[in-house]
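A quick write-up on the structure given underneath.
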Amino acid sequence: MKTFNPAYSLAALAAAAMLTACAGGASQPATPVAEAKNQPARPAGGHGLDAFLGSYDANRDGVVTRAEYDTIREQRFRAADTNGDGVLSEAEYVAEFEGRLKRQYFDQGREPDKAYEQAIKQAHVRFGIVNRARDGKFTREEDKAIADRTFKGADTNGDGVVDRNDPPRQREQSGDGN
Ligand SMILES: [Ca+2]
Ligand SMILES: [Ca+2]
Ligand SMILES: [Ca+2]
């Protein structure tokens with residue numbers, strides 16, 4: 001295990017929550033909630049390196065490879081496609097986001113608040129942006145295009161992986177914020 005770094009705790013928690021959700025199985029106990037409460041609240045899939053690592057660093061080595069990223073993104077898409085028609089409706093898209101957000105609030109011992117409502121609203125707005133064709137169907141192709149842009153946007157030093165060696169950009173804006 002790596003040395004404990006408080007900056008990682010929320011990210012690790014999010015990763016643990018997500019992996020548990022994805023695998024549907026038991027996983028190691030996450031970082032104690034007491035630790036997480038000391039961290040600033042951050043919406044699920046929020047911007048920033050911590051959120052990125054928390055969401056996609058599956059093996060928690062502090063480095064997100066493209067393979068890890070693509071695998072989790074694909075898992076997330078498949079899990080979100082609850083009616084199995086291969087595309088995400090707005091309802092499916094937002095429900096997937098809300099599931100992660102709920103989990104995060106639960107793990108932090110928080111009740112849904114104004115920020116929660118706002119985050120859900122933003123998810124609806126985001127669907128309108130990611131669903132470029134405006135046909136109400138978010139496709140894998142659309143997701144892959146965003147994934148590519150998001151990963152490259154996060155990999156600010158361009159070495160093909162996302163980690164703490166990637167200098168933050170002045171204005172954090174990458175893809176759909178997932
Ligand atoms: Ca990793
Ligand atoms: Ca669907
Ligand atoms: Ca990099």
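Placed from the backbone N, Cα and C atoms, the Cβ positions cover glycine too.
If you check TrEMBL, you get these features:
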type	residues	note
SIGNAL	1-23	signal peptide
REGION	28-48	region 'Disordered'
DOMAIN	68-103	domain 'EF-hand'
REGION	138-178	region 'Disordered'
COMPBIAS	138-152	compositional bias 'Basic and acidic residues'
COMPBIAS	161-178	compositional bias 'Basic and acidic residues'
#### Entry: Overall pLDDT of the domain 'EF-hand' (68-103), taken as the mean
96
### Message
With helix taken as DSSP H, G or I, strand as E or B and everything else coil, how many residues of the compositional bias 'Basic and acidic residues' (138-152) land in each class?
### Response
13 helix, 1 strand, 1 coil
### Task
Over the span of the domain 'EF-hand' (68-103), count residues by DSSP class, listing helix, strand and coil in order.
27 helix, 1 strand, 8 coil
